[in-house]
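Data block below; observations after.
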Amino acid sequence: MFKFNDEKGNLKCSFCGKPQEQVRKLVAGPGVYICDECIELCSEIVVEELGVEEEIEFQDIPKPKEILTILDEYVIGQERAKKALAVAVYNHYKRINTNSKIDDVELAKSNIVLIGPTGSGKTLLAQTLARILNVPFAIADATSLTEAGYVGEDVENILLKLIQSADYDIERAEKGIIYIDEIDKVARKSENPSITRDVSGEGVQQALLKILEGTVASVPPQGGRKHPHQEFLQIDTTNILFIVGGAFDGIESIIKRRQGEKIIGFGSDPNIVDVDEGSIMSKLIPEDLLKFGLIPEFIGRLPVLASLEQLNEAALVQILTEPKNALAKQYQKMLELDGVELEFDEGALAEIAKEAIERKTGARGLRSIIESTMLDVMYELPSREDVKKCIITAKTITDKEKPKLLLEDGTELDEGSDTKTSA
């Protein structure tokens, strides 16, 4: 029986070594003693461990509307895609909580395909979902994968990235999210099955089938190729949510051809109908992915299709300023640490957006444009304690003029010198 320190004697804690006189309570066990401080420490460790278990159980899955509201804080536009993702993610983790089987009805996985041009927000959507749910997240590039036996990465290395993201906690990793980018680059070259080996196309799709559906995979703990004498990590992929994304360049013409099969007329192509480019992707169906070069079994394991639109100038300006982690806010915070207020006028934001559209890089290209614009400023300002404000104008972007630098009294620093001029 445990007892408190009501006995006198030269007793001390078996864990921290403190004598009885230096602690408030000393609990005795068969041949051992533990003090109140060590009990408190052990209690904290247990609570912390139980907290992780509760996190894994997903008892409070956010509802689709709540997921969409949080996505809106980070991702501009793409309303249809965000709604599809919110529903798919909610259903996926609800399925995990019910062990995927209710009254003999087995709930299938809701793996997702994101289709949209470069810089439209595919990767950001996947990252934000993982952040909302507080689950491990990993990104893989499909172009680096090859089927087993060929030079390149095995598909199991994707799972290793997720395990590493979960700090090698396999149970946590088994409820994570994996985003595979550039999936369109592993499409086979034609609709018909190839009689020759396609190691980085159809072969990769075949290799991905099992982990998409759910299997216990053997993963080399250090990555690389498998060899017979190494130990493997075992991970069950049944409850891992897979999101695959790609630009799928040219799929619009496949959709148009299907839409226009019965359209005939003098001087017109009977296979193509004139459809608004903005709405064409909303008519995407799985058969279009089959025509593009994904194999039927692969498409069957990706039941949720979500298409993203090309971002226009207005959307790119919003991306620069509105999200919680907007680029403009990031650079303003960066200069604020040097005691300088940064301002982008409306003309500057519009020109940054136009340049990103011209480069065909979408939102992904915004950072590089701002970075090149701000390089000289970020180099000079840490050494200029007299400068209190920096203004980026449209001409700073288009004509490469230097930004306006204002001193504490509101006067402008003369370009190329320390001379003050009227602001």
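Note that Cβ sites are derived from N, Cα and C of the backbone, with glycine treated the same way.
Feature annotations, reproduced from Swiss-Prot:
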type    : residues                                                       : note
DOMAIN  : 1-54                                                           : domain 'ClpX-type ZB'
BINDING : Cys13, Cys16, Cys35, Cys38                                     : Zn(2+) binding site
BINDING : Pro117, Thr118, Gly119, Ser120, Gly121, Lys122, Thr123, Leu124 : ATP binding site
REGION  : 404-423                                                        : region 'Disordered'
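Here the features listed in Swiss-Prot are painted onto the structure.
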residue: Cys16; record: Zn(2+) binding site; DSSP class: coil
residue: Cys35; record: Zn(2+) binding site; DSSP class: strand
residue: Pro117; record: ATP binding site; DSSP class: coil
residue: Lys122; record: ATP binding site; DSSP class: helix
Integer Cα-Cα distance in angstrom, Ser120 (ATP binding site) to Cys13 (Zn(2+) binding site): 61
For Gly119 (ATP binding site): intrachain residues, at least 6 apart, with Cβ closer than 8 Å: Leu311, Ala356, Thr361, Gly362, Ala363, Arg364, Gly365
Under 8 Å by Cβ from Thr123 (ATP binding site), counting only residues of that chain that are 6 or more apart: Ile139, Tyr179, Asp181, Gly245
Of the binding-site residues listed as Cys13, Cys35, Cys38, the one whose CA lies nearest the CA of Pro117 (ATP binding site): Cys38
Candidates Thr118, Gly121, Lys122, Leu124 (binding-site residues) - the one closest to Cys16 (Zn(2+) binding site) by CA: Leu124
Residues near Gly121 (ATP binding site) in space but at least six apart in sequence (CB under 8 A): Val75, Ile76, Gly77, Gln78, Leu308, Leu311, Ala363
Any further residue of that chain within 8 Å (Cβ to the Cβ centroid of Pro117, Thr118, Gly119, Ser120, Gly121, Lys122, Thr123, Leu124) of the recorded ATP site: Gly116, Gly245, Leu308, Gly362, Ala363, Arg364
Between Cys38 (Zn(2+) binding site) and Leu124 (ATP binding site): CA-CA distance (Å): 44
Candidate with sparsest Cβ neighbourhood (10 Å radius) among Thr118, Ser120, the listed binding-site residues: Thr118
Length of the line joining the Cα atoms of Cys35 (Zn(2+) binding site) and Thr118 (ATP binding site), in Å: 60
Sparsest-packed among the binding-site residues, when each Cβ's other Cβ atoms within 10 Å are tallied, from Cys13, Cys35, Cys38: Cys38
Integer Å distance between the CA atoms belonging to Lys122 (ATP binding site) and Cys38 (Zn(2+) binding site): 48
Among Cys16, Leu124, the one of these binding-site residues whose Cβ has the fewest neighbouring Cβ atoms within 10 Å: Cys16
